[in-house]
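Q: My questions will all concern the structure given below.
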Amino acid sequence: MSKGLLLLLLLSMGGTWASKEPLRPRCRPINATLAVEKEGCPVCITVNTTICAGYCPTMTRVLQGVLPALPQVVCNYRDVRFESIRLPGCPRGVNPVVSYAVALSCQCALCRRSTTDCGGPKDHPLTCDDPRFQASSSSKAPPPSLPSPSRLPGPSDTPILPQ
């Protein structure tokens, strides 16, 4: 009887410790550097902003073939504001203003492709799409740590559900 009680105490304390200090950072705004370019403008620059990133708890069924899949949540924008910058050197007739999102708060929710990169493989890390800027090792090539904002899926408000 005492072994069962000891096991119960150890398991309950372990759960308490895990809930106080999550193993992975939760969904929250983090600082990020994004590449900004526009078709027709001969420049690619980087901007500092905040994006939503982090862990969202999810579950999966053990018997996936028998029961329907559970919806999976991802780290999404809750509150966002947009800021604009003017790209230098754009030719006459090309609007040099580009807007980008700044995450104010985040939430774990179903992935909405209209506002969120729902994952998947990326061709390139955070780089400019124009090949003139990709081969350069100048400051125009941003660090290879984040996906390019131009690689986001097309707008749609349909949530991504597991197959």
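Even glycines carry a Cβ here, placed using N, Cα and C.
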Q: According to Swiss-Prot, which candidate among CYS108, CYS111, CYS118 shares a disulfide with CYS56?
A: CYS108
Q: Just choose from CYS41, CYS44 the cysteine that Swiss-Prot connects to CYS90 via a disulfide.
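A: Disulfide partner per Swiss-Prot record: CYS41.
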Q: Can you tell which of CYS27, CYS128 Swiss-Prot lists as bonded to CYS75 through a disulfide?
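A: Record-based pairing for CYS75: CYS27.
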Q: Which residue in the list CYS44, CYS52 does Swiss-Prot annotate as forming a disulfide bond with CYS106?
A: CYS52
Q: If you follow Swiss-Prot, the disulfide involving CYS128 connects it to which of the following: CYS44, CYS111?
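A: Looking through CYS44, CYS111, the record in Swiss-Prot gives CYS44 as the partner of CYS128.
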Q: Using only C-alpha positions, which one of ASN48, CYS52, CYS108 is spatially nearest CYS128 (disulfide bond)? These are the recorded positions in the record.
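A: Closest candidate to CYS128 (disulfide bond), judged by Cα separation, is ASN48.
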Q: Counting across all protein chains shown, how many other Cβ atoms sit within 10 Å of the Cβ of CYS128 (disulfide bond)?
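A: By my count, 22.
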Q: Give the residue from the disulfide-bonded residues CYS44, CYS56, CYS108 that has the most other Cβ atoms within 10 Å of its Cβ, counting over every protein chain displayed.
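A: Max Cβ neighbours within 10 Å, all protein chains included: CYS44.
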Q: Could you check what DSSP calls CYS44 (disulfide bond) once collapsed to helix, strand or coil?
A: strand
Q: In whole Å, how far does the CA atom of CYS44 (disulfide bond) lie from that of CYS90 (disulfide bond)?
A: 11
Q: Three states by DSSP: which one describes CYS75 (disulfide bond)?
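A: In the DSSP reduction, CYS75 (disulfide bond) maps to strand.
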